[in-house]
């Protein structure tokens, strides 16, 4: 997926905003000053929900459910000055369908520094928790990291990638931070956002989408009520998933299970065109077709869904320029 441009505004609109630069800079300096004296700093938290909606509409192909759920949940959370619990989302789907892209957009449109913001914390099992035998140390470190950063700033984003590879038992230390209590370990954590990402449930989502196609139903007719139960069951039955016996799903601490549908040929085409535009290149038909022809689709007979979604589009384009 292509990188986002914060605000997602046409250049004409940006020119009209130039007169506001000085005022915005002054406001930022004042906010930074306040942060030096406030325990619950929000200085890097500058949500741009219209920009997020615009970017999702332009660049996230084939995900009507994910778009609607993410935007609805964020609007309700951001507009509440005193939420009773943190926002907790779990993103599920096949590889290359846009889960990581959406999580990067959330960082980009919620925090001034995007993924580089000191308030955005990204965890990968391969990088941060590679040795299952060290689980007790990881649990202690993770609890301390979350608590310490929420003490420093209540507006923080925690991203947990590849949940289907997390050491079992690790996520249980997060359970006290995800509920509706007012204070945990002396820390105000109700304005935090937790995003969990995994491929678990992807096969079940694909099957629902395939059955809808075979039944001549429009893809947009697929509803969350069809997908949420099968995703939840896939997670709860998977001993290798980070939620295994963590209590997070069992105690209904997730605000939304966000499904990502498998991508069809026209969705991959959309991704190719987006990538070419980001590179400043003309959308040449022969390049677009070459990328599509090099993409593997499944099931074997229908050849309906991309095996890698849009994940390899950028690297494939380079071969055909």
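Note: Cβ is positioned from N, Cα and C throughout, glycine not excepted.
All annotation found in TrEMBL is predicted automatically rather than curated by experts.
Quick look at what TrEMBL annotates:
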type    : residues                        : note
SIGNAL  : 1-26                            : signal peptide
DOMAIN  : 85-227                          : domain 'AAA+ ATPase'
BINDING : 93, 94, 95, 96, 97, 98, 99, 100 : ATP binding site
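Here residue 96 (ATP binding site) comes close to 263, 306, 308, 309, 310, 311, 312: these same-chain residues lie at least six apart in sequence, with C-beta atoms under 8 angstroms from its C-beta. The record gives 93, 94, 95, 96, 97, 98, 99, 100 for ATP. Within 8 Å of the mean position of their Cβ atoms, the other Cβ atoms in that chain belong to 101, 199, 202, 260, 309, 311. Long-range Cβ proximity for residue 94 (ATP binding site), meaning a same-chain Cβ under 8 A and a gap of 6 or more residues, is found for 199, 202, 203, 205, 206, 260, 262, 305, 309.
Residue counts for the domain 'AAA+ ATPase' (85-227) under DSSP (helix as H, G, I; strand as E, B; rest coil) come to 72 helix, 24 strand, 47 coil. Over the domain 'AAA+ ATPase' (85-227), the average per-residue pLDDT in this prediction is 94. Note: residue 97 (ATP binding site) has non-local neighbours 62, 63, 202, 260, 261, 262, 263, 309, 310, i.e. same-chain residues 6+ apart with C-beta under 8 A of its own C-beta. When the binding-site residues 93, 95, 99 are compared by the number of other C-beta atoms lying within 10 angstroms of their own C-beta, 95 comes out lowest.
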